[in-house]
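What follows is a single structure, written as structure tokens, with notes after it.
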């Protein structure tokens, strides 16, 4: 066979999966699939068994597909996706009816969280429509897209968990959990189906690649999507287009380093870049607020909307809706252009974790450089996010994020951060995305009296095989100036498992002596550590000693053990966005 891509139909791949994992039931001596004596199962039942065997909830999967009178795996998969779409629609309608039924008994926070639930469920529907559209009518020639479609399905699942994660009122959380449980189960099963196919393809040596320049249709919101391709020779993801590479280069050209090791500091003034919109507090730009500039960007933009935010302190909360895709913001330096706001769950009525964010990115293709993001609520405000990113393919360079609890919310999609500073106390890097933070400075702060510090809190609740998790590569984890004197008495940990399959990997990183010898800790009242995945490899510094790590933390001995978590494999296919001088080369 000639070397090159092998394009395989979904139908044939699903049959391969059935054989590969040994799930097709062969009937002997007239026995049924379950060992009964009701006669041999028909071809439809065999196909359903094949598809459903690898799912988390096989009973639900079979029940969904039983009414589909076909043995064509392609038709069954599409029918499953359509059933998932119907279930999410019902979840959205249930949310609206729940809100309406509460009437005057609903407080400001309940109103806010239910409105947020309606919004993210609509996003889930839009993405699911995209998935169905990209698979086509006959689902043929889809083999090369399956890994990407699985990533989008993971986002659909995360949108539904977002809703529940933001609800703190016990009774409302129970009501909503029951109301949207069916759509969560179906979405989870859909991810499992795609994962099995992709795994089988990899085992066969079939290349799982993404099609180029796939564009969403109007039914899915119309926002342009550019999928991943192969690795770039200069260390940039191929989904990071040539034009975007030039924009990033120009935005940083001639920028002096400064501050903490030059990370996240300095300024560029935009170099030779030509902004689409200019924001300036002194009136020298087209807009005085960032929100105005965002709303002036085109909806469903196939190109790039470029916003230059001139030096100044912008006291505003900025939300970038899903339809405002492909926005690139750049400032005049992370300590010169600062977006700040004071909003928190504890001190701001009608606020949830997601809604506390100073900047809230809900769109694809977001880029930022030379900007500071702050939430000034303080430690008494509890959850208070500086930046929340829900959109896929986020690339952020030379920025700074300051807060206390929940500073940086890496909540969905694939995200890459390079040369940033992020400060905080409790769970201050957290979320449910595939995120790599590289060559960055992580400052642990002093919080409320008696409060411990946790750098990370990953929220993977789907499964250990999913690309959901936080990777810190070639970073520095040290105390800030206020914590320095008390760094050995205040307990600080690398992280704790927010959800059942929490995944966090630390590679080639300097870990200061502020980190307790055990390194990691359990989530109070939960058993998530038993199924979580924590890996350390080739770290350095006094806090990197692993002799007292708990047994559920893996200390990798070779690069091969962490190859999955390179930029190329975790947020790719991709290569390093910039070369990093680390003692181990990953992805070789």
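Cβ atoms are placed via backbone N, Cα and C, with glycine included.
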Candidate from 317, 383, 451, 548 that Swiss-Prot assigns to the same substrate site as 353, 496, 498: 383
Substrate site residues 353, 383, 496, 498: biggest Cα-Cα distance, Å? 18
Tell me which of the recorded positions 93, 406, 496 ends up closest to residue 427 (active site, nucleophile) in space, Cα to Cα. 406
Whole-number Å only: compute the distance from the Cα of residue 405 (site 'Transition state stabilizer') to the Cα of residue 93 (N-linked glycosylation site). 33
Cα within 10 Å of residue 383 (substrate binding site): which of the recorded positions 93, 107, 406 qualify? 406
Whole-number Å value for how far residue 353 (substrate binding site) lies from residue 107 (N-linked glycosylation site) (Cα to Cα): 16
